[in-house]
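For reference, the structure discussed in these notes is given below.
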Amino acid sequence: MEQIKYLLIGIIFSSAISSSLQCAYENCADWANPGQSQKHTMCLYPTTALGNKCNEGRIIQLTEADKQYILQLHNELRAKVASGGESQGSNGPQPAGKIGPLKWDNEIAEIAQRWVNQCTFEHDKCRNTKANSVGQNLYMMGSSEKSENTHDILTASVNSWYSEVKDFDNRSVREYKFEFTTGHYSQVVWGDTTHVGCGLVQYKDSGFYTTMVACNYSPAGNLIGGTVYPTL
């Protein structure tokens, strides 16, 4: 049967932790309410249980091969931009620069998984580690049938984020200006970001099998006024 698919794209954590234990993560500043803080995702959701919005939900466990594939997808695109091989952009080709390969981070992957386990397609408010701030890209795909091929899901998500390059102004590489339409791309190629970790969940929503992907990035990119990556 032919599958019906839809895509929804957003902007710019798996061992159980007993809720009786004090959460080891620090809260994050609430920028909308100075002096207040947001509770960390791992403290809000102290177990790996799926949230009540996860109708017929299941966690998609990433194998070591899946993790390496996520790195491959990201690092091939980062290398392409670094070499000056990206001709797309709203103001011309992207400049070559220094963009190193990403490594996998189990901690931020666990935080990403804990968040997608809630089956809520929006960004969590507090996901930083003790070492770094953490950025995030989200992707959601729906189908009339269950999606079983994890590599296809991962390919679609990373390629969707990167495709925003066509709208990215190359002048923002040296002095970053956040745009909702290109925030995924800039996080994928952000030069100071060194690690990535992702989580996936599948659940049923409005008759569709919905797969949600969250990839967390450390240190976070998309710093307004910062350098996306050093140009050559």
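Positions of Cβ are set from backbone N, Cα and C atoms, glycine also.
Some features that Swiss-Prot has for this protein:
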type	residues	note
SIGNAL	1-23	signal peptide
DISULFID	CYS28-CYS43	disulfide bond
DISULFID	CYS54-CYS119	disulfide bond
DOMAIN	71-217	domain 'SCP'
DISULFID	CYS198-CYS215	disulfide bond
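Between the C-alpha atoms of CYS215 (disulfide bond) and CYS119 (disulfide bond), the distance comes to 14 Å. Listed in sequence order, ASN117, GLN118, CYS119, VAL201, TYR203 are the same-chain residues six or more apart from CYS54 (disulfide bond) with CB atoms under 8 A from its CB. Annotation note: CYS43 (disulfide bond) sits in a helical segment as assigned by DSSP. Residue counts of the domain 'SCP' (71-217) by helix, strand and coil are 51 helix, 35 strand, 61 coil (DSSP-based).
The two recorded residues, CYS43 (disulfide bond) and CYS198 (disulfide bond), show a Cα separation of 19 Å. The Cβ of CYS198 (disulfide bond) lies under 8 Å from the Cβ of LEU62, ILE70, ALA109, ALA112, LEU154, VAL213, ALA214, CYS215, ASN216, each of these being in the same chain and 6 or more residues away along the sequence. Summary for the disulfide-bonded residues CYS28, CYS43, CYS119, CYS215: the Cβ-based neighbour count within 10 Å is maximal at CYS215. In the predicted model, the domain 'SCP' (71-217) shows an average pLDDT of 97.
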